[in-house]
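**Q** One structure, pasted below without further comment.
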Amino acid sequence: MTKQALHIVKIGGNIIDAPEALASFLANFAAIQGPKLLVHGGGKIATSMAADLGIVSQMIDGRRVTDAESLRIVTMVYAGWINKSIVASLQALKCNSIGLTGPDGAFVVSKKRNSEPFDYGFVGDIEHVKAKDLAGLITAGFSPVFAPITADVTGQLLNTNADTMAQALAIALSEYFETTLTYCFEKQGVLMDPNDDNSVISQINPANFAQLKADGIVSAGMIPKLENALKAISKGVQAVRLCHPDFVSQPDKGTRIQA
Ligand SMILES: Nc1ncnc2c1ncn2[C@@H]1O[C@H](COP(=O)(O)OP(=O)(O)O)[C@@H](O)[C@H]1O
Ligand SMILES: CC(=O)N[C@@H](CCC(=O)OP(=O)(O)O)C(=O)O
């Protein structure tokens, strides 16, 4: 039997923090026909909220070093304000969204990251996705909206990178759906020249990724994002793409990932 298509989309903090861009993206997302799932980040807002409270945020390899105070902030920001704002907006657009974190339904279970070689604090790496139950929720007509907060088997909340969460959900759900994964961010795609939106690299595979990294053309948060994208395409996700949120429904736009 052929599997039904499932569109998984991830949006990051730069879009969430720009009300017009977010509203325009959510209208595009709501218009996608058929099963769909959204994963959101919000790192930029968490960093500014932490700064307001006098807490300096430290990022290493795209992961936030998350102490107990930071964990409280990121949980309130991601699972609270951002998640509920997005779900309410999608409901107003007649998209039957349901806001979730890892521990809701135990859909995503993580494990605290090893403290060697560096202690990231309360950061979780995903161990298991309860894909069958989540597929059931999607088939019942809900569009899950995941915040990047998970928990381990003891109930400890953990902060999880949103790009990784999207990758893990896409891989696990590929057992039940023909899954496509789209990372939306504020540029037109992965660029040869970060200041030139016309320099989109149309395809990235493991070989040219290694070269782009060595040449310093991809840097910062783009490196873990592409590592997640490459993992997804190598583990059963049908199509993976990075693009501007305006083009979420135009598969020929942006950067396509190849195994
Ligand atoms: N070659 C590149 N092309 C496009 N963006 C790049 C590139 N190299 C680094 N970046 C940076 O990666 C960022 C996207 O990663 P990140 O900030 O983690 O996004 P998000 O918060 O949406 O997950 C872009 O805003 C850009 O500053
Ligand atoms: C462990 C870890 O780094 N978690 C991320 C989760 C949010 C995120 O990934 O947000 P963007 O998609 O907007 O970058 C963080 O706190 O920044």
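Counting starts with 1 at the first residue shown.
A Cβ is built for glycine as well, from the same backbone N, Cα and C atoms used for every other residue.
Per TrEMBL, domain 'Aspartate/glutamate/uridylate kinase' is recorded for 8-242. Residues or ranges marked as site 'Transition state stabilizer' in TrEMBL: Lys10, Lys225. Positions annotated as substrate binding site by TrEMBL: Gly42, Gly43, Arg64, Asn159.
How buried are the listed features, and what sits near them?
**A** Taken as a whole, the domain 'Aspartate/glutamate/uridylate kinase' (8-242) shows an average pLDDT of 97 in this prediction.
Classification of Lys10 (site 'Transition state stabilizer') by DSSP places it within a strand.
A coil conformation is recorded for Gly42 (substrate binding site) in the three-state DSSP classification, outside any helix or strand.
DSSP assigns Lys225 (site 'Transition state stabilizer') to a helix in the three-state reduction. Sequence-distant contacts of Lys225 (site 'Transition state stabilizer'), defined as residues of its own chain at least six apart whose C-beta falls under 8 angstroms from its C-beta, comprise Gly62, Asp163, Tyr183, Phe185, Leu242.
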**Q** If the substrate binders are Gly42, Gly43, Arg64, Asn159 per the record, what's the largest distance between their Cα atoms, in Å?
**A** 12
**Q** Ranking the recorded positions Lys10, Arg64 by other Cβ atoms within 10 Å, which is at the bottom?
**A** Arg64
**Q** Rounded to a whole angstrom, what is the C-alpha distance between Gly43 (substrate binding site) and Lys10 (site 'Transition state stabilizer')?
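**A** So the Cα of Lys10 (site 'Transition state stabilizer') lies 13 Å away from that of Gly43 (substrate binding site).
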**Q** Whose Cβ lies within 8 Å of the mean position of the Cβ atoms of Gly42, Gly43, Arg64, Asn159, the substrate site, other than those residues?
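**A** Other same-chain residues near the substrate site: Gly13, Gly41, Ala46, Thr47, Thr66, Val74, Val77, Tyr78, Pro148, Asn161, Ala162.
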